[in-house]
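Student: Below you will find the structure I want to go over with you.
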Amino acid sequence: MSVQEYLDKHLLSRKLEDAVNAAVRAKTSDPVLFISNHMRKAVQSVITKVKARQILDSRGIPTVEVDLYTNKGMFRASVPSGNSTGMYEAVELRDGDKGVYLGNGVAKAVKNINDKISEALVGMDPTLQSQIDQAMIDLDKTEKKGELGANAILAVSIAACRAGAAEKEVPLYKHIADLSGKTNPTLPVPAFTVISGGKHAGSNLAIQEIMVLPIGASKFEEALRMGTETYHHLKAVITEKSGAHNCNVGEDGGYAPNISSFREALDLVKEAISRTGYNDKIKIALDVAATNFCIGKRYDLDFQSPQKSGQNFKSAEDMIELYKELCSEYPIVSIEDPFDKEDWEHIKYISNLGICQIVGDDLLMSNAKRIEKAITESACNALLLKELQKDWQTCSNIKSQLGPLLDCVSKAS
């Protein structure tokens, strides 16, 4: 084949001419680099390889990391992993060998990506996120993603999403907004865990987390600064009141002072906010995780204490009164899981009171059927959506109904 025949076969003459004309119009000082980039953009991006490995997450526990390659670059993603999962959540595939990482290894999930998922996705367009996710869902064939592992599927899904954004030459958030049909995305308010309790810490505090929300920040950079300053002021407050030994931190980084009273913990946070000078610009959110201390139909606020008095049990009605009082005394705008995960009656009741945002996490478990039930019954007005549990297919079936809940996520996460 002659050079001219090769140029004609691949239409290179026209493509090169277009690239040169674009370089001239741009008045570029480096025409070779410009033409190279121009030609590169003209090629349709496809997935060429998917390679996974095991890494350690922020808690020192194995998780999955993926490098997804297209003909335009490599895109990396790792899987976030929470400390608790519910019976209705998708399966995070672990190896189960107690002699290796205490059974938490993810070699099986990694192998599933390298041997099965990669082969299924090679040649696909990374901008077609729903088709990529559906291909993995079809390959798994189980409701809870137990065959391939939700961690395997999610790692690849996130990497593909980044590749799709790069192909469209837009920021990742814009690409995600396009996929979800949102034309005017809103920057979420970040939540900073400042006090840890419950099963996340070794203190006597029953409530799992107290968070601060810098709702008055005009941009993320400002919100980050406000949250960080509050955190460090809180350390000073705790040190002054009970000594530096009470500034140990829980699993998620919040301070875990040796206290048991909701009000005592909230007073510490309120004082820290006051010292920042931001006051009305910072609000408080609670993650009660009440399922952890629900015994029958009562709530044991001393469940963390080694010396239980047996006098601190609360009924659901008592808890409602407590939440009402706390919301009136402190700048609380959000309460997550105020009751047991199966206590739909009282969650619906407190949600309808309108005292603050009520977030479903343990209640919903990122399960599409439970989310649909919550919407139908007005059980809560916000959700905590765990990416590890996402199911594009089932969630898309109730997309029109999810709107009211999803719009509230930014206020609490």
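Here the Cβ of each residue, glycine as well, is placed from N, Cα and C on the backbone.
Straight out of TrEMBL:
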ACT_SITE  D252  active site, proton donor
ACT_SITE  K386  active site, proton acceptor
BINDING   D287, E336, D361  Mg(2+) binding site
DOMAIN    47-176  domain 'Enolase N-terminal'
DOMAIN    184-408  domain 'Enolase C-terminal TIM barrel'
Student: Using an 8 Å cut-off from the Cβ centroid of D287, E336, D361, can you name the remaining same-chain residues around the Mg(2+) site, in sequence order?
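Tutor: After dropping the recorded site residues, what remains is Q208, E209, L286, V288, A289, I335, D337, V359, G360, D362, L384.
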Student: Just name the most isolated of the recorded positions D252, D287, going by other Cβ atoms within 10 Å of its Cβ.
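Tutor: Among the recorded positions D252, D287, the lowest count of other Cβ atoms within 10 Å belongs to D252.
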Student: In whole Å, how far does the CA atom of the residue listed as 'active site, proton donor' lie from that of the residue listed as 'active site, proton acceptor'?
Tutor: 16
Student: How many neighbouring Cβ atoms, not counting its own, are there within 10 Å of the Cβ of D361 (Mg(2+) binding site)?
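Tutor: The answer is 26.
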Student: Cα-Cα separation of D287 (Mg(2+) binding site) and the residue listed as 'active site, proton acceptor', in Å?
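Tutor: Each residue's Cα considered, D287 (Mg(2+) binding site) and the residue listed as 'active site, proton acceptor' end up 15 Å apart.
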Student: Out of E336, K386, which has the highest number of nearby Cβ atoms, where nearby means within 10 Å of its Cβ, if these are the recorded positions?
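Tutor: Answer by Cβ density within 10 Å: E336.
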Student: Distance check, please: Cα of the residue listed as 'active site, proton acceptor' against Cα of D361 (Mg(2+) binding site), rounded to an integer number of angstrom.
Tutor: 9
Student: Mind tallying the domain 'Enolase N-terminal' (47-176) by DSSP state, helix then strand then coil?
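Tutor: Result for the domain 'Enolase N-terminal' (47-176), in helix, strand, coil order: 54 helix, 25 strand, 51 coil.
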